């Protein structure tokens with residue numbers, strides 16, 4: 001398959017509005033036509049319409065939900081096992097770190113690492129926080145909220161990541 005190279009003026013003019021998979025966690029998995037020219041991908045293949053924002057949503061973007069009763073973080077970590085993940089609570093923040101050492105895949109050797117930090121709402125019960133990894137690679141971090149005026153127990157501690165055998169119930173983008 002020949003891939004047309006986009007012109008520099010095109011890249012400069014539309015680049016900020018059409019992010020590429022080149023710099024996300026899928027680096028090294030190969031390129032598609034829409035990675036190089038997302039705006040023109042429908043003209044190259046008129047019967048196939050690729051969402052212009054698909055690459056942003058598929059690049060490990062997390063989803064944070066905070067409702068009246070609980071706080072939940074969904075994070076796609078499909079390239080990591082529970083042993084590769086560290087989840088810590090440091091005062092009002094949760095830090096999620098994933099790293100796996102260099103290993104061989106279809107295209108050569110690859111290593112991955114990420115670090116995410118989220119602020120916890122002040123009324124989250126930090127003694128009841130939990131973290132699980134679904135079979136499809138969705139990390140779910142959650143904690144119940146306590147009524148206002150009740151001490152939520154802020155301290156530093158590690159949260160173990162448990163493995164679930166069923167796929168995640170988180171909405172897919």
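Every residue gets a Cβ built from N, Cα and C, even glycine.
Applying an 8 A CB threshold to same-chain residues 6+ apart, the list for residue 101 (deamidated asparagine) reads 111. What Swiss-Prot lists as deamidated asparagine is 101 (among others), and the listing cites similarity to another entry.
Residues or ranges marked as Zn(2+) 2 binding site by Swiss-Prot on the basis of similarity to another entry: 107. Other C-beta atoms found within 10 angstroms of the C-beta of residue 107 (Zn(2+) 2 binding site) number 9, with every protein chain shown included. Annotation note: residue 107 (Zn(2+) 2 binding site) sits in a coil segment as assigned by DSSP.
Annotation source Swiss-Prot lists deamidated asparagine at 123 (among others).
The compositional bias 'Basic and acidic residues' annotation in Swiss-Prot covers 153-167.
Taken from Swiss-Prot, the feature Zn(2+) 3 binding site applies to 154.
For 162, the entry in Swiss-Prot reads O-linked glycosylation site. With a 10 A radius on its CB, residue 162 (O-linked glycosylation site) counts 11 other CB atoms from all the protein chains. DSSP assigns residue 162 (O-linked glycosylation site) to a strand in the three-state reduction.
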Reduced DSSP assignment, residue 101 (deamidated asparagine): strand
Separation of alpha carbons, residue 162 (O-linked glycosylation site) and residue 123 (deamidated asparagine) (Å): 24
